[in-house]
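Reading through the structure tokens given below for one structure.
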DNA sequence: AGCACGCCGACT
DNA sequence: GTCGGCGTGCTC
């Protein structure tokens, strides 16, 4: 007799489970159920079965429905989500439900794209073919196929005969066959398999190292410059792992691989390459541009083991993958792996935990690894970088220094001092003549500017008033095309005023340069050039980016102007010049991670120049050409720059030398935020001597979307001390009345302040 | 988080 | 006289 009490996780911000009566229904752990909760019905996941409840038994309600036709979530994923919810101090039920495809969070049953599969019964097996009427040719044919070849899918039946499905149904009604629903596996049309390129020595060494230890947990950092062929290493590793068959009971299961990729853009390219090179394996993707039914279907294919390659963005780290044997993380330094709301998890860190628990390898690739990863791969190898043995050499380090296309040269990088030349509309003469040269040679150029819009500020020349956002502590950006002022933080829009609201003067000037203005300037300066702009404003439609990139490939574009959207993974063989307009603000940002990010970004854009056999040039306009960052960039020396940054971080005791966490709070009324944070601050100080807690402060963006913000920072040398404090602090705060009046959240290992 | 209940201001 | 403002409290 099954246990009568069900402990169920629900999508509510309460860190506990809810007890229900199973009402005699057979229910398993991990199963999806519908339960009455307050006045409404909620979807829940069964976490445990029990004989008794701490809650008054007469108050327990019976569950409404069990979705018993669905595969329950496996213990491994449930436990991974439990770990994450604890580690990131987020309510477990919400973490769990958020990890499911939206279709599974809705009350309606999830109608998966399923198809019937026919299986022979014992009775059917015994049937003598001769006992069936000779004239029912198709019926006999189907029965024979079932007897001799086993289960038949609808597609297989269709291949036998047009009326085979009808015959199969008849066999079912005779009791000779049964149907079972299986997931429809959509066969991707065969792509011409591209030939396997030869590996260079470095690639071969990397593959060999990893495949040697492919049966156990190990984290690998694959540090390879742009164009060094990291993708080829991924492909070889997948081939190696997928060829292994795993005996699981009587049946053989193919291994599965999870590939994590940063958000948007990049996915189709990598996916296409994997499909072309690994056409024999079933590949599915999980990302935000899928429709909800596609997402559900792909998720179920991963869960059922039918999909062997799962390529997805950060949320896919929580997908059930029963035969997971390898995790690949492309561009591991990318900040889109960190969720910036609800549960603030880092998919890379969760992946490391998952791999460790499964005892499988995880391979993180990047040209510019996150400093945390570099530190874990380096440790004592770096001169001057000290670390305790437990923190060092945690990762295996594999380096790819050569570009895979042997003819390809590293681009030449020049910094032009903007303080020593006359700028024409923000452009140095050197950059303008370099652009002219490319036009003459019929080569392409890319201009990188990290500001969209026409100009970042609207300034009154008379009284120096600057158009502010009313809901955020930010300036409104001028968008001349739509004749609007727009806040890039909250989306607020207003018309461009004709006179200054402060002094009444009509001399309002757009000041500074954005992508739109740069595009306009180029058009007037280089009238023959065909220019395209790529930023969030010009790429409103889903396929707009693809269209523009196609035009670039077809040589219909001479100059591409855009934001960091352009930085990633697009190969343009005829692109030989990259110009970087203005990144100086990041050099002196109060955010200690700004220079790390800028370096990664510039390395990435620089990698766009001269990919094929043509030498590339990178021109960076800056007022600080001697900055250490540019020196390192010129020599394309990530390692020495990263080691310098590590030394700095060690001196000031910043991550990765300490573990940090934030307690963030926001409210319409700042005094509530202050009260709450003060209370939390005193609480945290009292709770632990091993954790350093700083006074409440305000973030760079003090006000956002009409909410006044603040936070306290905590750091510790030992992760467990910090975790313990956070657990106790969150527990205490939940019972404080003020905690209900502000929006607050814990951010473990925050990336932004 | 929802969604109730609950007690005070401007409306048909 | 009601509709509705969002304060506080609960959900197995």
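Residue 1 is the first one shown; counting continues down the chain.
Every residue gets a Cβ built from N, Cα and C, even glycine.
Marked as domain 'Helicase ATP-binding' by TrEMBL: A:211-387.
Neighbour count (other Cβ atoms within 10 Å of the Cβ, all protein chains): 12 for residue A:503 (Zn(2+) 1 binding site). Classification of residue A:503 (Zn(2+) 1 binding site) by DSSP places it in coil, neither helical nor stranded. Per TrEMBL, the feature Zn(2+) 1 binding site maps to A:460, A:463, A:500, A:503.
Taken from TrEMBL, the feature Zn(2+) 2 binding site applies to A:469, A:472, A:487, A:490. Counting Cβ atoms from all protein chains shown, residue A:487 (Zn(2+) 2 binding site) has 21 others lying within 10 Å of its own Cβ.
Here TrEMBL flags A:495-653 as domain 'Helicase C-terminal'.
Note on residue A:460 (Zn(2+) 1 binding site): other Cβ atoms within 10 Å of its Cβ, all shown chains, come to 21. Of all the binding-site residues listed here (A:469, A:472, A:487), A:469 has the Cα closest to the Cα of residue A:503 (Zn(2+) 1 binding site).
DSSP assigns residue A:460 (Zn(2+) 1 binding site) to a strand. Listed in chain order, the residues near the Zn(2+) 2 site other than A:469, A:472, A:487, A:490 are A:470, A:471, A:474, A:476, A:488, A:489, A:491, A:492, A:704, A:705, each with its Cβ within 8 Å of the site Cβ centroid.
Around residue A:490 (Zn(2+) 2 binding site), taking its Cβ as the centre, 17 other Cβ atoms fall within 10 Å, counting all chains.
Annotation for residue A:469 (Zn(2+) 2 binding site): spatial neighbours A:475, A:476, A:487, A:489, A:490, A:492, criterion Cβ-Cβ under 8 Å with sequence separation of six or more. A separation of roughly 20 Å, to the nearest angstrom, links the Cα atoms of residue A:500 (Zn(2+) 1 binding site) and residue A:472 (Zn(2+) 2 binding site).
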